[in-house]
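Shown next, in structure tokens, is the structure this report addresses.
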Amino acid sequence: MLLKELSSLASPLSQPQVEKLKQLTAELNAVQLAWVSGYLAATANASGNLAQLAPVSDAQAAQTVTILYGSQTGNGRGIAKALAEKAKAQGYSVNLASMGEYNVRQLKQETLLLLVVSTHGEGEAPDDAIELHKFLASKRAPQLNNLHYSVLALGDSSYEFFCQTGKDFDARLSALGAKALLPLVECDVDYEAAAGQWHADVLSAVKPLIQTTANVVALNDTSSALAASESEFTKQNPYSAEVLVSQKITGRGSDRDVRHVEIDLGESGLRYEVGDALGVWFSNNETLVDEILAGLGLAADTKVTVANESISLKQALIEKKELTQLYPGLVKAWAELSASPELLALSEDKEQVRQFILHHQFADLVANYQLKADANLDANKLVELLRPLTPRLYSIASSQSEVDTEVHLTVALVEDEHQGQARFGGASHFLASAEEGAEVKVYVEPNKHFRLPEDPQTPVIMIGPGTGVAPFRAFMQERVAQGAEGDSWLFFGNPHFEQDFLYQTEWQQYLKNGDLTRIDVAFSRDQAHKIYVQHRIKEQGQTLWQWLQNGAHLYICGDAERMAKDVHQALLGVAVEFGGLSSEAAEEYFETLRSHKRYQKDVY
């Protein structure tokens with residue numbers, strides 16, 4: 001029966017091949033058929049060419065759940081992959097792909113579409129979702145009256161444009177006539193429970209609309225990042241690594257504490273590419289936890305339940321709960337618990353909340369806004385109020401071509417002062433305080449959107465002020481190992497030359513050896529008027545434009561809030577002044593570079 005259906009569908013097999021397949025399968029028992037099925041699936045997966053399959057026919061599309069993900073980090077990919085596996089287990093035929101690898105012309109043939117998408121920057125689509133996002137917003141987007149869909153949006157509520165890209169997809173699909181299986185699901189940084197519930201709900205919603213095909217399941221995973229060779233060590237199962245070095249690399253007179261951290265990956269087998277990030281799990285500072293407990297009058301040894309585990313309240317606050325990053329929901333909840341008129345008024349103003357959380361931590365709420373008498377905040381209610389601790393991502397500052405089983409980071413200690421009280425970033429303080437031999441739980445977070453050119457002859461322009469220089473240290477190590485002959489140009493900036501020139505001797509050695517073609521620096525406080533990297537870009541605009549015309553790849557790493565925007569504006573100015581482009585054409589020019597992977601950003 002199945003082979004008869006195969007010959008009538010848009011099969012990639014010729015009729016003689018179908019006949020041969022019939023002859024072979026007729027001679028096999030059930031066990032042998034199962035073995036052949038697995039063998040063929042593995043062979044197809046290993047070929048790496050699944051993305052090139054011809055579009056499915058309408059008959060096939062009606063039997064297929066298409067799951068697309070767009071995510072700057074691996075969170076969206078992980079959620080989508082887990083959903084695909086659950087759908088497969090229930091007998092559904094599944095097409096799983098990154099939005100960046102999806103053929104938008106296939107959209108009008110889809111009948112069941114499940115999207116997982118994050119939001120990047122100020123409400124922007126992540127890199128691999130940009131094309132689909134633009135297509136749906138364009139006049140080319142078709143009517144989708146036959147489509148049922150659901151969107152899971154990932155975001156961080158501490159940012160203004162929370163889950164904006166997911167909202168965009170949901171609104172646009174609805175406007176094009178598609179029918180929502182479920183209301184839009186918006187997930188904060190503690191997304192696991194909500195994502196798991198969405199898995200269950202959306203598969204239940206899909207069930208009446210599709211026939212299961214348990215014997216013919218095609219999991220078309222077009223992402224190499226989901227290969228079977230993935231490390232066993234993940235965000236959920238990190239590797240316990242050893243800290244080898246945590247060395248301050250800013251001068252004694254610097255107002256910044258930046259550390260060069262070296263971590264031993266030992267025999268973990270963890271591999272990373274230059275451009276990837278390292279996920280770091282950390283523990284909250286014990287002194288900070290003691291301050292919070294004292295402020296709330298709660299006993300440290302009180303038993304609480306976290307993720308079905310009974311532990312002491314103090315252990316929960318040190319190991320399990322987020323204390324150093326506020327978010328709007330917590331500010332609003334604390335305003336109600338404290339009944340503070342000041343905090344209640346502030347919590348209703350999004351911009352005021354956004355500014356407040358930049359310079360306050362949970363301990364500041366406890367210290368400055370006392371609970372009202374009937375708040376009844378006991379130990380278990382406290383741990384329910386606080387969201388789970390999440391790892392921090394750091395751009396990797398090394399290449400395994402040079403450091404082998406080590407991984408290097410460039411970590412700026414996050415430090416703020418409020419009413420005379422110093423507050424530190426959770427992960428940065430943990431790493432800065434780590435002594436040689438200390439244990440840290442880590443995993444590799446791939447970043448396929450920040451990669452060196454495949455051809456080592458290609459010139460590269462690297463713009464990385466402050467700790468944004470980290471991945472470019474890795475780039476240079478990799479280029480030297482490759483014997484790259486392509487030119488390389490670094491723009492670096494920090495407050496002071498004598499105190500803040502990160503990895504100065506390494507850059508000088510690269511210049512001396514001819515591995516680094518040129519470096520332009522901007523030390524903002526070494527003269528009366530402030531000079532930043534964007535000023536150096538403008539000064540060197542003619543040369544920079546010539547490099548771009550010669551095929552250079554352009555990279556930016558560092559602060560997304562100000563630096564990346566200012567640098568982008570400077571680049572637009574270069575295109576206008578030295579390329580003779582209009583403002584609109586300049587934007588289109590850099591958008592074309594981005595789509596060809598010649599303009600890449602790692603900003604945060």
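Numbers here mean position along the shown chain, with the first residue as 1.
Just so you know, glycine gets a Cβ as well, placed from its N, Cα and C.
Fair warning: this is a prediction, and the values are worked out from it, not measured in the lab.
The candidate list THR324, THR458, THR592 contains one residue that Swiss-Prot assigns to the FAD site with LEU358, ARG392, LEU393, TYR394, SER395, THR410, VAL411, ALA412, GLY425, GLY426, ALA427, SER428, TYR604, namely THR324. What Swiss-Prot records for the NADP(+) site is SER524, ARG525, LYS530, ILE531, TYR532, VAL533, GLN534, and among ASP487, ASP566, ASP602 the residue it adds there is ASP566. For the binding site of FAD, formed by THR324, LEU358, ARG392, LEU393, TYR394, SER395, THR410, VAL411, ALA412, GLY425, GLY426, ALA427, SER428, TYR604 according to the record, the largest Cα to Cα distance is 22 Å, rounded to a whole number. Rounded to the nearest whole angstrom, the C-alpha distance between ARG525 (NADP(+) binding site) and SER118 (FMN binding site) is 37. The number of other CB atoms found within 10 A of the CB of ALA412 (FAD binding site), across every protein chain shown, is 18. For ILE531 (NADP(+) binding site), the same-chain residues 6+ apart in sequence whose C-beta sits under 8 angstroms from its C-beta are GLY493, ALA522, PHE523, SER524. Broken down with DSSP, the domain 'Flavodoxin-like' (65-203) shows 59 helix, 33 strand, 47 coil. A strand conformation is recorded for TYR394 (FAD binding site) in the three-state DSSP classification.
Neighbour counts were taken at the CB atom with a 10 A radius for the binding-site residues TYR159, TYR394; the maximum falls on TYR394. When the alpha carbons of LYS530 (NADP(+) binding site) and ALA412 (FAD binding site) are compared, the span between them is 21 angstrom. Ranked by CA distance from GLY74 (FMN binding site), the binding-site residues THR324, TYR394, VAL533 have TYR394 at the top as the closest.
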